[in-house]
Amino acid sequence: MAGFSFVCAVLLCAAVAQTKPTLRKERVHHEPELSRQAHEDNKSFQYDHEAFLGKDEAKTFDQLTPEESKDRLGKIVDRIDSDADGYITTAELKAWIKRVQKRYVYENVAKVWTDYDLNKDNKISWDEYKQATYGYYLANPEEFEDATDQFSFKKMLPRDERRFKAADLNGDLAADREEFTAFLHPEEFEHMKDIVVLETLEDIDRNSDGHVDEDEYIADMFAHEDGGPEPEWVKTEREQFSDFRDLNKDGKMDQDEIRHWIMPQDYDHAQAEARHLVYESDQDKDQMLTKEEILENWNMFVGSQATNYGEDLTRNHDEL
């Protein structure tokens, strides 16, 4: 989505600091991208692979034989069964999925922490983050004068500063682990939800009128490059915009409508995924899963977030 100028800028910056600004596609899970992938049948697990972590985080388990996968999955099932009664309920599966999601977020922060904590005081100040991410740009602004891309450093710097200050609850301009986690993963924190909504609006609102119209909504998901007919799913999304996104029927989405779209109050992704996994694997229809039922449908589980897209199958059991 970013243009050539921004790609060049990232490469120049990476040569100095190996970091880049926090882009929307790395931080917000857009529901339309997920909702297009329907639960078609028990042989299509794309939704399960993408529903929580997104495409970039999807892991495979090709390095394991089916026997190894089933053996390790069985050990994970024992951990999910929190009351050790031999049955996995939807609530237990939901709790496990949320735990895996939370672990992913904090592990992600741990991986990049040393890139930003330059003075090793176990805090990341705004100056440290700014220098690590924008140091080359700040030292050589003339090289970026012609950058007009939506995600140019000139535009992203004040956005990152605004988000950093929102995450910095005590206002000392130095983020501890929790504050930096909120900065990198604002969608996970209640006090950051306004920032997520505002940034989503800014990302999609191409005419800068403070709203998202239908064409802008579609353009965020689909680039009509060949001039041919729109795919069927795009037509469906236009109907979604009219029927469910534009709640007051004025032809555009305001911030409240965007919030309802990307963070619906009545929809819990972990709950939906847990219900789906139970529904697809519950052979005797008692609304609970035995280890045998899960192992019978092992390919769905090792490809879903129940096992962190198969990543947990490659970990030592003691790490889980």
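Counting begins at 1 with the first residue displayed.
For all residues, glycine too, the Cβ spot is worked out from N, Cα and C.
All annotation found in TrEMBL is predicted automatically rather than curated by experts.
Not measured: the values here are computed from a predicted model.
Feature annotation from TrEMBL assigns signal peptide to 1-19.
Annotation source TrEMBL lists domain 'EF-hand' at 68-103 (among others). Model confidence over the domain 'EF-hand' (68-103) stands at 89, taken as the mean pLDDT rounded to a whole number.
The feature domain 'EF-hand' is assigned by TrEMBL to 104-139 (among others).
The domain 'EF-hand' feature in TrEMBL is assigned to 192-227 (among others).
Helix, strand and coil counts from DSSP across the domain 'EF-hand' (68-103) read 27 helix, 1 strand, 8 coil.
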